[in-house]
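Feature list (source: TrEMBL):
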TRANSMEM  25-50  transmembrane segment
DOMAIN    41-302  domain 'G-protein coupled receptors family 1 profile'
TRANSMEM  62-80  transmembrane segment
TRANSMEM  100-123  transmembrane segment
TRANSMEM  144-168  transmembrane segment
TRANSMEM  188-209  transmembrane segment
TRANSMEM  250-276  transmembrane segment
TRANSMEM  282-304  transmembrane segment
Amino acid sequence: MPNASSWSASSPLLLLWEDSSGTRIFLSLLYAVLAISGTLSNVMVIYLVFSFKKLQTTSNAFIVNGCAADLSVCALWMPQEAVLGLLPPNSSSLRSAEYRLLRGGILGLGLTVSLASHLLVAFNRYVLITKLPSVYQALYQRRHTGCMIGLSWALALLLVPLLPGLWIPGSAQQSVLRQTDGTSSYTALLLALAMLGQTALLLHCYLGIVRRVRGSAKRVSVLNFHLLHQLPFPAAPPPPRRAQRRLSSVSVLLLCCVFLLGTQPLVWVSLLGFFLRPAPPALQAASWLLLCSLSALNPLLYTWRSEEFRRAARS
């Protein structure tokens with residue numbers, strides 16, 4: 001079996017040296033499907049928000065920010081992976097270190113902003129449901145919302161040039177880390193812990209929403225905000241109170257489960273590689289593939305329960 005260095009120098013980011021041609025073609029087709037579906041869904045959400053005034057809310061501004069980041073992954077990064085999977089292993093495109101870093105930079109930029117947007121959406125909904133309307137209006141003024149979105153991109157632009165090796169998935173990342181000093185390994189550990197912290201904050205926000213809704217359905221019903229339609233709750237007609245609380249909880253928990261399924265495998269694979277030993281290359285590749293596929297699913301996660309989005313799409 002080739003070592004990690006030869007694997008990273010001669011393969012696309014998520015394809016293994018020893019993979020058969022059938023496996024490589026299958027992965028390329030999978031990338032192509034994710035690229036097409038993710039590009040269409042992200043573009044559709046962005047178009048609907050900009051075209052319909054009812055959808056131009058603060059919560060949707062964060063969703064559009066995430067869609068723009070996911071679009072860079074689905075429209076720019078995934079098509080390259082689909083094409084590279086069809087090239088022979090000795091292709092010059094696969095051996096170019098500069099090209100690998102470029103692809104890693106595109107991936108890192110998109111994923112960083114996307115993960116930040118997840119947290120911004122969750123916190124926005126948490127404040128909307130659990131705090132007074134005056135607190136929400138003071139915190140989410142137009143200027144403050146723009147600053148939050150700008151900071152998510154500034155953070156990504158700061159991390160990607162400084163830590164390019166961290167965005168090269170799988171065994172390629174291990175190769176890069178071995179070629180540098182120990183500081184890079186600790187930086188990778190800190191980023192994994194940062195993702196865990198981000199996940200903990202997101203779960204705190206959504207579980208807080210669930211507790212609030214289950215404890216006081218009346219509190220949710222009297223909030224006269226268009227943003228309520230952007231929550232993963234049914235907008236109209238409202239079902240009976242008990243069924244409404246149950247459906248709201250299931251919708252939020254489903255969103256959280258999909259997010260955890262897409263992000264946590266990579267986190268724990270990274271922690272395993274730091275504290276014990278590197279995970280098998282196939283497991284590393286699978287964890288990266290799950291994280292990247294989240295970019296194609298995000299638009300559906302945040303709009304599938306919204307009656308406003310469905311009405312806008314039908315019109």
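Yeah, the Cβs are placed from backbone N, Cα and C, and that goes for glycine too.
Caution: TrEMBL annotation is automatic and unverified by curators.
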Same-chain residues at least 6 beyond the ends of the transmembrane segment (250-276) whose Cβ lies under 8 Å from its Cβ atoms: 115, 118, 174, 185, 188-189, 191-192, 195-196, 199, 202-203, 206-207, 209-210, 232-233, 283-284, 286-288, 290-291, 293-294, 297, 301-302, 305
Selected stretch (most C-beta pairs under 8 A with the transmembrane segment (282-304)) from 25-50, 62-80, 188-209: 25-50
